[in-house]
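> What follows is a single structure, and I will ask about it in a moment.
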Amino acid sequence: MSDELIAVSLLWLFVFVYAMAASIDFGAGFWSLIYLYRKENNMTQIANRYLSPSWEVTNVFIVLVVIGTVSFFPGATAVLGTVLLWPFSIGLLLLTLRSAFLVFSHAAEKKYARALSVISGATGVFLPMLLILVLPITYGGMIGTTDGRDQLLWGSLLSSASTYAYLAFAGLSTLFLSSLLLADYSHVSEDWRAYQVYRKDAIWLGPFAFLAAIFVIVTMARDAPWMYDNLQNNKGWILSSGVLYVLGYLALFTPRKAGSPAAGRPRLAVVATVFQYLLAATGYGEAHLPYIVYPSVTIQSGFTDESTFHALFVSYLVGFVVLTPGFWLFWRMFMRDKKYLRQK
Amino acid sequence: MDQVVLARSLFGTTMAFHIIFATIGVGLPLMILIVEVLFQFTGDSDYALMAKRWTRGFAVLLGVAIPSGTIAGVQLSLLWPQFMKVVGKVIALPFQIEIFAFLLEALFMSIYVYAADRLSRGMRILSVVLVAFGAVMSAILITNVHAFEGTPTGFRIVGGEIVDIRPWKAFFNPSFAVSAGHVAVSAYMTGAFVIASLAAFKMLRRGLSDKHYAFHRKALMVGLVVGGLFSVLTALNGHASAQHLYDEQPEKLAAAEGLFVTQDHAPLTIGGFTDKETHEVKYGIEIPWALSFLANNRFDTVVKGLNEWPEDEWPPLFIHTLFNAMVGVGMLLLLMSIVGFWWHRLLKKQTFPRWMVWSFFVSGPLSMLGIEFGWIFSCTGRQPWILYRVMRTSEAVTHTGNLGTLFLLFTGVYLLLAISVVVVLRAYFKRHPLGDELGGSGDVNGEEEGLHV
């Protein structure tokens, strides 16, 4: 594997990790809002119990994605930074309101807490939709160049069917993934009522998220034929992703085990679904190569200096080795410890 | 307005807002660690209570610190795309390692806040140590990039192309150690004075019970002692920083001191305003020979004046005032902690006169002002360069329009957050007054549902 390929694979992996974690994070905020006004339920608590310790960690990954892009592909940064100024600035403002009000809502008095939760839950769900716009923008045809200066062609962005396909995909995936994870989380917490509710949400959202993904591929044929062709030549990833979707979805319907009051195996469903997205992302990423921004920036033309790359690579290895015990402790404390999960 | 001015205003506002929370984010974990350790040594549960209450305040502040830091990180690429192109090639390491520091802090912050009751005592202290370590490392690593802007090394530019890149040499650029040290110790100083300030604020309330007064006095003393120690270190390091400027960025030193004519036995001008027309500092106090001595420990040291450089390479002249304000604040803070320590520990007085408490109360805001002055001095003092003698700020700025609207939007959000964070903190501590928790139960880990952020 060439250095460029290693770098872009790592970066794409970070994007994937952030996409998953952020979908769950923003989605959980949304569910905590949806169930805020229902009487006598634990759905909101479950969502908050997940969110409280995890949002800060999730937030680190968006910085990791941005810094990863800057440090691995400075050539792409100059173009993307220029054209994404407005979409990402709006995103930053939403992210700020969302995080701050999420924190404030837990510290504020009950009567204000609700309003704050509403704002943070509602802003959260728009964020994935805003961030995913970077994908259709790199299709080509949406960045105009005058006098050697790049600019985003808003008209093309807003009139493209792909844009809306991605918006739908981002929004629905966010809700699907988060309901699925919260189903698993309440299952581990043995909160059967919350489990049933989140399981039901996942069941009706799953097919829509899947349709949106197909819509993305269909519109790609017209808006980015170069990428569609690449995808056609590499069908395996997408097809196996589809198989995993079916598997994960069916896992929600397995007959209930002895001693368990509810049907379905949510842990299996979560794992299968995460792999479903991972396989799809791999196929998608492969089809996008060698371009980062079509047709002006490739992974070769935008690549950082060799010696910088090697130093960065070492810092990644050391960094993740050092942090692994921290992640392990975090997981044990908040995702597995029954004392934390089952508190009332 | 000019694109560069707009972009600098937007980024400057982001930084000015973020560093308030970032500085507390570095300083406060150390204070929490200190009282946690004091509790282990003295067994005085007041210290455990302090750790608990400060942690809660800290958790709320993180709700602003983290997103505003994210803004700063992303805005760099959005506003200065050409600059970040160089950064990506040459000085990507500190940004990258900073992510790990940040991750370490985030992981253990959650563990410390939400799992404290399920951790052993040793693990709890280890968690705070790691939070404090992650926080200060983040600050140091970001300062590394700032230092690189002032003394860019580890690459050459040949025909517009960046060549001969040596990332570790860029990382260990000449100003790194001195700048990073300055940021770290001044953040610790500020964190301590913020605590002293809050304690003093509580002590100003009339009719406080002895128990409450003693609690706040202990917090005040921790703040004053730690703040005093770090203000000494800040002053020593500040002196080294100025000598460093003499070597590396002489025009910045000249502008900071308002010196126009190159000379030996140069005088030090304290206070006043630099006049661009007459080339002198008005209303300042001159101390003969002092600048030469400060710059390089000898009275016959030749200090370069601004006239050595073409005027379009001069830093803005108002930095003389900022520089003096920063130094003045540092001196004042040092004096305050000496007075407080002398009064309580050496004269053994149990209560402080109100005027003294008032002065302690202003120490926190004053310290924060010192931080702001210092940052503005340091960044505007580098102008017109974004990379000293390599790239002008005007070459780095984005071409995308409508920055004015963005400036208003971001400033509006910062104002909203600044107001709401104060309201939320006040309301929270009003609902959880000290009286409920002080003495008695000793149940330090009680009411976990009180704050779930």
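The first residue you see is number 1, and the count goes up from there.
Using N, Cα and C of the backbone, Cβ positions are placed for all residues, glycine too.
Below are the features listed in TrEMBL for this protein:
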type: TRANSMEM; residues: A:6-36; note: transmembrane segment
type: TRANSMEM; residues: A:57-77; note: transmembrane segment
type: TRANSMEM; residues: A:83-104; note: transmembrane segment
type: TRANSMEM; residues: A:116-143; note: transmembrane segment
type: TRANSMEM; residues: A:163-182; note: transmembrane segment
type: TRANSMEM; residues: A:202-221; note: transmembrane segment
type: TRANSMEM; residues: A:236-254; note: transmembrane segment
type: TRANSMEM; residues: A:266-285; note: transmembrane segment
type: TRANSMEM; residues: A:313-334; note: transmembrane segment
> Would you mind listing the long-range same-chain contacts of the transmembrane segment (A:83-104), meaning Cβ under 8 Å and 6+ residues beyond its ends?
26, 29, 51, 55, 59, 62, 116-117, 119-120, 123-124, 126-127, 130-131, 133-134, 137, 143, 150-152
> Please identify the stretch among A:6-36, A:57-77, A:163-182, A:236-254, A:266-285 with the greatest number of Cβ pairs below 8 Å relative to the transmembrane segment (A:202-221).
A:163-182
> Please figure out which one of A:6-36, A:57-77, A:116-143, A:236-254, A:266-285 racks up the most CB pairs under 8 Å against the transmembrane segment (A:163-182).
A:6-36
> The transmembrane segment (A:6-36): which same-chain residues, six or more beyond its ends, come within Cβ distance under 8 Å?
43-44, 47-48, 50-51, 54-55, 57-58, 61-62, 64-65, 68-69, 72-73, 98, 102, 114, 117-118, 120-122, 124-125, 127-128, 131, 173-175, 177-179, 181-182, 197-198, 201, 274, 277-278, 281, 285, 289, 292, 299, 303-304, 309, 313, 316
> Which listed range (A:57-77, A:116-143, A:236-254) shows the maximal number of Cβ pairs under 8 Å with respect to the transmembrane segment (A:266-285)?
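Going through each listed stretch, the top one turns out to be A:236-254.
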